[in-house]
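According to TrEMBL, the feature domain 'Luciferase-like' maps to B:30-392. TrEMBL lists B:Thr99, B:His149, B:Tyr153, B:Ser222 with the feature FMN binding site. What TrEMBL lists as region 'Disordered' is B:436-467. Feature annotation from TrEMBL assigns compositional bias 'Polar residues' to B:448-458.
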Amino acid sequence: MPPTSPLLLGLELAGAGAHPASWRRADSRAEDLFTAGYWVDALRAAEDAGIDLAFLPDSFTLQTAGAIGRLDAVAIAARAAAVTGRIGLIPQASVTHTEPFHLSKAIASLDFATKGRAGWEVTVSAGEAALFGRKPEQDGRSRWQEADEAVEVVTRLWDSWEDDAEIRDQATGRFIDRDKLHYIDFTGAHFSVKGPSITPRPPQGQPPIAVRAADPHSVRLAVHRADLIRIAAPDLAKAAATRSELRAALAAAGRDPNRVRVLLDIDIHLAATVDAAAAEVAQLEDWLATPAPATVFHIGTPAELRDILREVENECAADGVVLRPLALPAALRHLPALAPTLRERLGLPRPANRYARA
Amino acid sequence: MPEQRPRKQIHLAAHFPGVNHHTVWTDPASGSQIDFDSFVHLARTAERGLFDFFFLAEGLRLREHRDRIHDLDVVGRPDTFTVLNALVAVTTHLGLAGTINTTFNEPFELARQFASLDHLSGGRAAWNAVTSSDAFTGENFRRGGYLDHAKRYTRAHEVVDATRALWDNWPADTLVIDRERGVFARPVTPVHFSSEQFEIDGPFVLPRGPQGYPVQIQAGDSDEGREFAAAKADVIFSAHGELADGQRFYRDVKDRLARYGRDRDDLKILPAAGFVLGDTTAEAHERAHHIRRQQVTPQTAIAFLEQVWGRDLSAYDPDGPLPDIDPAEDVNITRGRVRHAKDPRAIADAWRAKAAAEHLSIRELIIATTARQQFVGTPREVAVEIDRYVQSDAADGFVLVPYLTPTGLDEFVDKVVPELQSLGSFRTAYTGPTLRHHLGLRHPHDSSPANDSTGQSRHGTEGVRAS
Ligand SMILES: Cc1cc2nc3c(=O)[nH]c(=O)nc-3n(C[C@H](O)[C@H](O)[C@H](O)COP(=O)(O)O)c2cc1C
């Protein structure tokens, strides 16, 4: 089944870049990583380049190498809300230690602040229990089972106010119609939540949910609950196969596969020439050797990356991609050359000039 | 009046009304309580008026009245951190204060959220720590509502101590960022925080924010609450607005500071206050009366009465006399933040006496008894009155609560602020970048006040600066 709409372009903004040595580049702006300027500039550059979705990874753990330290991803998205206008903002937020009630209103409020551009990438936290000291470390099954409950709670809370619950009825003095507010009365193995939310239903109703499908537990959650499923694959053929499997699983779960987008991670490093890109990556690896990328990668020019994107589309390898720059500021400089034209977005080829000689 | 002492400078904050019954939502000028543009409007107005900070209250469960969701209140509020971070983009100096309770949040997460806000805002974050943990609110959280009042303040102290330990985890020289040698940061030694209610182990994930610690606000009134404030807070948001009451509270709390080795100026007391302006005194009072009637609708009057009587009084005429029946034993008719009448019989008797003496209907009585601190008059009169309260130590300033969202502060900023400035009691420009600076508070890792003449450059070396 071919993708039903233009290829979605996502960008993951992981600090100085996905490569842990990226901060050592002269252009890394490593000194600015904890300032708003760094993030606002990056998100605006991505938006100007035509990127549809910005993914903001997050974790409570301190990195073991490279540029350490991390601002709260929802906070970064909120900080950028009023100074961006089109790009979707999808912060990661873990549900292992964070209350679903808090998450629900945080993402709903991001949706209000962006006028309908918020999303949420659901994650779980491994190895962070000691930071909270509230409950013992859980295994993968328990974490994702809890996540499943959390997503249920969050999405119910988003619906706990009907869209027209605020009535401002002067005659009866009622600000709201309480019949349009609903207790969610959720009880699960990990928590129970009464509701309703304190935040009205957000502009999108249900902000899109993204899940990275990486193991049987997360795949299960993705198939049942995600609007955007992120995958990693060694090549486009494998990606296409994974997409087909996911679509079959979606259908089996009673969901319309055409309403869920599968996004393929592509690790990138862009430069004006292939040689320059290769030399720059060699430098990064020389500073700090890293394992080979676990997904499709591209080290080269933006034009070649456009070819790869076309291939992704033609081979139905995915409905979109999430570009993961090894070095973020460097990639941002080259993104404009990547921007698809309106015709491309519509899936229309660029026609030959009728007067040009064949 | 105080003699021979320099004129105290007034601190002002703007409260965005959350769940309440004093927003006049029936006014044609009343806008959205939830659209982000409303928050932008109030914040920008406050900054135009050179206010110290913008303030959000918190309530984590919708109130119930007679076992159903209370539908007379203005309700619907956003997530505090999300709104404050988003407002950073449309303001440059204004402090951003969030009420976040210590019972339904975890220290590590809170520490990171406030540190993120402080970094992203370049030092404008403030945290109003409240304890608010009835089992009713607890039903929305997995921790539940098991903490009694005393335990809640134990937890509050421990949460604040834990967040401070985490904020202090990266010493000032942690970040190295040496590209040549490939050293980004010195190793961070994990925090081990152990207390009655917490066991936290691990490194924090952020350098110290521009303010060291965000400005700490407190808003409880009990003895424990006041003690908590004296030990840890930079600002008290109080309900003691009236002059004599305010002076008593002010003296009480400031007297407690010495016990913790703190100066009287280390804690600012800012009561909540409303205001109504007019071109003449008479017009202002007329407006105030009109506003009070809109705030206390016939239905709201009955609901208030029911909170004391503890029973269904919907059959009574709000424009008629008080009920002749006695209050019920169980008065918990409204659930969620409300001050329950401790002795409903006594209150009912007092109200009956007052209503009889002053010939008041139910609604008129409620209008008279639920009034909050309010400055009413011409802009000049209001300015003089606010200044009098501050100079006579009833307050260090006020948290203004407009009755209209989001334009309710416009008139104050346009007309009263210039009057306060002409009295010499209010700044004419921001003189520093951080909220600590606006409030004249010390940096937690520095012993001299923030806005002495050398304060600014000293702060420039602390932590990581936002651009
Ligand atoms: C002026 C004022 C404002 C308050 N605002 C809030 C609020 O927004 N959210 C909340 O949960 N509690 C709020 N409280 C309640 C207190 O934070 C505190 O939890 C409660 O008063 C119990 O503590 P106490 O016994 O020390 O008063 C407020 C209290 C006062 C006096």
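Even glycines carry a Cβ here, placed using N, Cα and C.
For B:Ser222 (FMN binding site), the same-chain residues 6+ apart in sequence whose C-beta sits under 8 angstroms from its C-beta are B:His149. Its Cβ taken as reference, B:Thr99 (FMN binding site) is surrounded by 20 other Cβ atoms within 10 Å in the chains shown. Largest Cα-to-Cα span within the FMN-binding set B:Thr99, B:His149, B:Tyr153, B:Ser222: 18 Å. Neighbour list (B:Tyr153 (FMN binding site), Cβ cut-off 8 Å, at least 6 residues apart, same chain): B:Thr131, B:Gly220, B:Glu224, B:Gly225, B:Phe228. Neighbour density for B:His149 (FMN binding site): within 10 A of its CB lie 13 other CB atoms from the protein chains shown. Secondary structure at B:Ser222 (FMN binding site), taken from DSSP and collapsed to helix, strand or coil, is coil.
Taken residue by residue with DSSP, B:Tyr153 (FMN binding site) is part of a helix.
Mean model confidence for the domain 'Luciferase-like' (B:30-392) is a pLDDT of 93.
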